[in-house]
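Swiss-Prot annotations:
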- 520, 521, 522, 523, 524, 525, 526, 527: ATP binding site (BINDING)
- 289-345: coiled coil (COILED)
- 757-788: coiled coil (COILED)
- 17-30: compositional bias 'Low complexity' (COMPBIAS)
- 31-40: compositional bias 'Basic and acidic residues' (COMPBIAS)
- 944-958: compositional bias 'Low complexity' (COMPBIAS)
- 40-143: domain 'Calponin-homology (CH)' (DOMAIN)
- 436-746: domain 'Kinesin motor' (DOMAIN)
- 1-40: region 'Disordered' (REGION)
- 801-852: region 'Disordered' (REGION)
- 900-975: region 'Disordered' (REGION)
């Protein structure tokens, strides 16, 4: 044992890296073997060996695997352990390197020493068995039993790189035979790294002696000297680090042993058995202390050597300091030059200071002059102050006088506001008496994604003023002013819009006819105002539902005095064709009786689903047809049994659109053309009504025919003008507002209520009976015409004009059994025509005309002579409908409804209306002018009716047959 310690200490003395560590390992190995024998070679022996090798760890003897893992996981302890066992073998990196790099270095060293290794994952989160086995193998390899030549050679190969040994060998081969020691080192398998320090110094002495003798040193010698010096320097530096570590180790061990001795001394008063055990435990510690003292003395000697090296380094630092002093002197000279420059700048500053002093004197003189001027101004201001006080007193007197006058003006202003409200009320009453079409303008808010766009709406007033701005023009042409009955801003709700229309809608129950229609470009919110985006949401419901809901509440509140019946029709005008939206299997427009709001919701849902809707660039849900919701109300007074009839037409017009912006093609282009055509026809009608032209072109479109009684009759009419505030739609907005301005100037006449008593109903029944008798006589006349052969020629021409099938709006009336036998309005209109034929025939007899001529005239009236007679008959029916408004506007409205939307079975309440129509139309004259003969006193027709129908007959003979009067087949809707 002592020989091994001496061997290890001798190797440390000659600075051998592997030898120096072997003595520590041998001593540690003996201690570890003793601890293994004491603890049965368990886990505690490994922990004790680690604490002894690296004292700063201070691991507890009973440390668990997790504590051991936490100590070894960063790899620093492993690398320090290997450096402690073999000093200088591991080069530690900086603190910035991760722990896995140190672990990889340790594992690479274990592979070079051919020792069992472990994986990085085992140390991080795996089983610690392989780690413990690897550490035990490392411990055994550096112990006394494992200290053999193979292990030593393996450690030496691991300590010195192969390229370095090869380089040194090559340098020694170039040395020649002059140095036997160098050649011997080269021929051996050991490098300079494995040579002892003493031999290296001897070799250096011999080289120096040889060089001093010959004074001729070759490159080989120089390289050898450099290699020797580098190895010596490296060993000395490593040894210094080892000395520091060992010194710390010895101090820690000494403190540890002292603490143990103190503990043992305090426990000496215990039992003898415990003292014996403690003595046994302290015995190896004492031996270790003796060994450490011996090692400490050796380390002190080595420390002196290191001290000499530090003195050499101090000399070098002193030389460097001298060089730095020279550099500092050079910098001092530069600073002196800068001081000279600073003095020159100081002189320059002095000259500038003198210049500023001169300026200061001039400024002082100027200030003194200004001070004198200010004193003069002060005296002047004092005089002005006295004048101002006098003027203030005068103003106070004037203000008190004007205040007294202003009180009277304020009192007059209050009365002026009352007068303005009264004038506004009277103006509305005058407008209602004149029958002007009311125009409400509603501005659609910006949609999502359009908030950043600039608006073309400049101002909206409370009294219906609207100012729009043209973004493309500047100056006085930028703004345009329009005035309407009401203007709703983008923030207005559906409830606010309906509250202004409620009084007009409620007048239906009093027997008035009301029409509300929405006009504007596509995507401006017409359908939103009339129907709403969702019927299920009460806040978003439009005028249609709110109007019907309000009517139901009124009918329920008045049910004790008046019994009401409400019927609903909903149609659309699609491509100049009328379609029923509430039923598809009925050829004509169907009337549906409703009794509650639930019925209305169901019907409106059906109508909205059946309505034609398409997507365009401007609007994803663009309405491609005009929607008409007609509400017919019939009320019977419980006491007087008088009948009230009113109708409400809620029209949602399709939006006008520019093909260039909407980018429609194909079927959508055709729809847009029909929509624009019908809206253009509506504009022509408005233009004619505004200028009070004698001829109004209602027949140019199905839309104008539907709105004929609302625009030209004595009904209450309201138009919603929907506009888009986007500046890109400025042209469409101005066009829409101009149209609305023309509409607001149309006078319809005072609206009248339709109310008939019991006597009127009896007279109408008598008239209907007389008409039935006339119809029978007309049939006998037709048989007589067939006998004379005229029927054949008339039928052939009729076949050319129009096939015998169901007619559409304004078409010629066929002589079908249903039309002939039914008591409706159309059959009675035909009987009126035959009655006029009889009157014409009787008048021709008084004039002495031929019988054949009368027959031909009757044939022309029936439509068997000329192709344009079909239109003439429709003109006669239109004249009957329009002229009836002279006596009662609601009668013509009901007649128009039945003419446009005939039903398979007319409701009973419509019979009385048709009888009243017949009574009003008794005086309608023939469509073709007769010969100038005195007329009998059988009937006295109205002058206005005769003149109007005769003028229509004259003009219709020159016009070609239009598509409006042609018959159409029942519509097959394709969705």
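A Cβ is built for glycine as well, from the same backbone N, Cα and C atoms used for every other residue.
Cβ neighbour density within 10 Å is lowest for 525 among the binding-site residues 520, 523, 525. Of all Cβ atoms in the shown protein chains, 25 besides its own fall within 10 Å of the Cβ of residue 522 (ATP binding site). With all protein chains in the displayed structure included, the most crowded Cβ environment within 10 Å among the binding-site residues 521, 524, 527 is that of 524. Residue 521 (ATP binding site) falls within a strand segment according to DSSP.
Shown for the domain 'Calponin-homology (CH)' (40-143): DSSP residue counts in helix, strand and coil, namely 61 helix, 0 strand, 43 coil. The number of other Cβ atoms within 10 Å of the Cβ belonging to residue 526 (ATP binding site), over all protein chains shown, comes to 27.
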